[in-house]
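Undergrad: What follows is a structure written as structure tokens; I'll ask about it next.
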Amino acid sequence: MAMQSASAPLYEKISLKNDAKRAVEVFILFLLASLLAYRLVHLADHGLEWQVALVCESWFTFVWVLVVSTKWSPVSYKTYPQRILQRITELPPVDVFVTTADSQLEPPIITVNTVLSLMAVDYPAHKLACYVSDDGCSLLTFYSLMEAAEFAKLWVPFCKKYNIQLRAPFRYFAGDAATLSSEDCSMEFQQARDTMRDEYEKLSRKIEDASQGSVPSDFTGEFAAFSNVERSNHPSIIKIIVENKEGHPDELPHLIYISREKLPKHPHHYKAGAMNVLTRVSGLMTNAPFMLNVDCDMYANNPQIVLHALCLLLGTKHERDCAFVQCPQIFYEGLRDDPFGNQMVVLFKYLGRGIVGIQGPLYGGTGCFHRRKVIYGSWPDDVKTENSSLTSKGESTKEKSLNGFGSSKQLINSAAYAPRGNSDHPKDLASSLEAAIHVSSCTYEYNTDWGEEIGWMYGSATEDVLTGLAIHTKGWRTLYCSPNPPAFLGCAPSGGPTSMTQQKRWATGLLEILVSKKSPIYGTLFMQLHFRQCLAYLWILTWALRSIPEFLYALLAAHCIIINSHFLPKGQEPAILIPAAIFIIYNLYCLSEYLMTGLSMRAWWNNQRMQRITSACAWSFGVLSVVLKLLGLSETVFEVTKKDQSASSDGTGTELGRFTFDESPIFVPGTALLLVHLTAIVAMLLGLRPQASGNNGSGLGEVVCTVWVVLCFWPFFRGLFGKGKYGIPSTTIVKGAILAIAVVCLSRFTSTS
């Protein structure tokens, strides 16, 4: 039996093809092509509205081609962590990166829980090192980690002794632990659990008190480095909070705090820059061949996740088939029926797993296990010999690597072990501190390949997708890890402003990639990016651009009602069945995906309306940001989204999940679009429209479209009359009204000219 399990594969690839879904997708594509053909045949018989509709529907057809291609061959992987323990005598080291940037928007108690869950995973402690990057240089964050390290001395042994499954304390103590974990009910266990609860409450109180201003202010000892520091102007601070000096597997993993140097007028490259500093510092201190990066709010929910990932990383026949292992982003305590449309359950299940079946999943920025040598710029076809240094496209380039990695000889020496998967590093972490501070300085990357050929890529607010694209472009494949229970759980943004800020940042960063020299089109034409993988990237990179045709198409119905024209075939024409069939079949198709995922019809509707709101508001501002950047008028800014331990904190009772607003101009387009459609409805009801020529007036199709848009923007309709955070600010309403009046006047002008 042992021999059989030793020869068994570490993972299994499972095809998830569904012929019925494929047939519906192809039929929708056929209907879209038929509608375009009909419009082209009758193009000379209609005016501007028909032409605009043709352009928009051509774009929608193109997007649907991308969707069908991406979904065509979905795949999942099943891993067997028990087999890896039988097959491998010594597990490889793993460096864990946790990133935080703002102690106000990302409260340290959230970061602490994530760190504690990672320190307690089922993996030998002497093989783990946890690095926390604090880009806010917060004394509060450092103090919280110091206190958490003391609590970890009790928490980690408790979790492993009693096989606790939920190893983030705030989640463990929030529910019925006995039903959530494979625990015993002995008196000893109950006493240990009560002790842990008391200790965690003490830790929480200390951090809460510190956040209220009681952080140690004498700046002595470990806190001396934080004296007279500013968030954007301070030297590098690296602190070894916990060190497993003896290398015992049953003690605590290393815990290192890092706040890289910040100086005015020096580019910091946001999260990508922080990740590159983590890579260099960890390369000097522990130099593990594998690296896991998680956001500060994504705690380890499956204690065996490292073993699951290693099944994929070590189980492939060829390393080129697994550059990194991506886990899906799943959220805890999400509001019922996903009112803000940001839990992305259906997206990950269908489109996400479809991409897995091509060249592999996109890098999602968190919950991802990397090969260090891939991050260091290795190519799949690199030749690895005992005496080789770093290589590029199969050729040893030792001299180039010296220039590419910077001036630190210690870093170059440690990087030389990356192609072989070794982790040669000093036993004493403190001996690397001086070199670590050097490689975390602002000026270290000057005249190097960091951010261009090595590490996390610069040039986009979505550094994760850009970095993953660079890896796929070299010909690497990637794998997907979705164990049960889920690997990591995080908190989804709550409220309108937070959701829109996140979507705007994503749309901006993705469009930056599309218009850059690192576009997937270039990668397919001149490098090794697979064609269908290119299409998958284009689907996500064009999110921002989708706002333009979707906004115009949403305006068409109101425009036609205002000037008494039409852009859809008339009711008596058989061709009206084509757009009607597209509308009905597409929505039923989307609804079926939600129902098959276990979600409700209300969740489907919430996601549909939020898609329209996101496109009109957040994505349109993403386009504006990139246009201003290309014109040299402004630079894009990385905006950190607010994190909450509970996603359900935004309101109570009947207000729970209700859309919220603030004074941001991001809500102006949505407000204007709603006001235009309300104006069209009023004009139709009061007969304030010009007389239609012949049989060319607006019909039932335009009315249905207008009502549909109003229903999609119903949160904005309520916001017109709401108060406080549930009401649209008066300045936004005024700006939206001015824009709406301009659109109505333009419609009138085009109808008379």
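Quick reminder: no glycine exception, Cβ is built from N, Cα and C everywhere.
Predicted automatically and left uncurated, TrEMBL annotations should be read as such.
Annotated active site per TrEMBL: ASP135, ASP464, in sequence order. Under the heading UDP-alpha-D-glucose binding site, TrEMBL lists GLU106, ASP135. Sequence annotations record features per position, and here TrEMBL assigns Mn(2+) binding site to LYS271, ASP295. Taken from TrEMBL, the feature coiled coil applies to 186-213. If you look up TrEMBL, you'll see 384-405 marked as region 'Disordered'. Here TrEMBL flags 23-44, 50-68, 574-592, 613-632, 666-688, 700-721, 733-751 as transmembrane segment.
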Undergrad: With pairs restricted to those 6 or more apart in sequence, evaluate whether the transmembrane segment (23-44) and the transmembrane segment (574-592) have 3+ C-beta pairs under 8 Å.
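TA: When sequence-distant Cβ pairs are counted, the transmembrane segment (574-592) touches the transmembrane segment (23-44), since at least 3 lie under 8 Å.
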Undergrad: To the nearest whole angstrom, state the Cα distance for the pair ASP295 (Mn(2+) binding site) and ASP464 (active site).
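TA: Here the two Cα atoms are 12 Å apart.
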Undergrad: Is it possible to get the count of other C-beta atoms within 10 angstroms of the C-beta of ASP295 (Mn(2+) binding site)?
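TA: I get 26 for this one.
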Undergrad: I need the CA-to-CA distance for GLU106 (UDP-alpha-D-glucose binding site) versus ASP464 (active site), whole Å please.
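TA: Rounded to a whole number, the Cα-Cα distance is 20 Å.
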Undergrad: Do any residues of this chain, six or more beyond the ends of the transmembrane segment (700-721), have a C-beta under 8 angstroms from a C-beta of it, and if so which?
TA: 496, 554, 556-558, 560-561, 566-569, 571, 576, 579-580, 608-609, 612-613, 616, 658-659, 661, 667, 670-671, 673-674, 677-678, 680-681, 684, 727-728, 733
Undergrad: Including all protein chains displayed, how many Cβ atoms other than that of LYS271 (Mn(2+) binding site) lie within 10 Å of its Cβ?
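TA: That number is 22.
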Undergrad: What residues elsewhere in the chain lie close to the transmembrane segment (613-632), defined as a C-beta under 8 angstroms and at least 6 residues from its ends?
TA: 341, 499-501, 503-504, 506-508, 510-512, 515, 543-548, 550-551, 554, 665-667, 669-670, 673, 712-713, 715-716
Undergrad: Do any residues, 6 or more residues outside the transmembrane segment (574-592), come within under 8 Å Cβ-to-Cβ of it, and if so which ones?
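TA: Counting only partners 6 or more residues beyond its ends, the transmembrane segment (574-592) has Cβ contacts under 8 Å with 24-25, 27-28, 31-32, 34-35, 38, 568, 601, 604, 608, 701.
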Undergrad: What is the Cβ neighbour count of ASP464 (active site) at a 10 Å cut-off, with all protein chains included?
TA: 22
Undergrad: Fill in the CA-CA distance, ASP464 (active site) to LYS271 (Mn(2+) binding site), as an integer in Å.
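TA: Counting only the Cα atoms, the answer is 9 Å.
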Undergrad: Would you mind reading off the Cα separation of LYS271 (Mn(2+) binding site) from ASP135 (active site), to the nearest angstrom?
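TA: For LYS271 (Mn(2+) binding site) versus ASP135 (active site), the Cα atoms are 8 Å apart.
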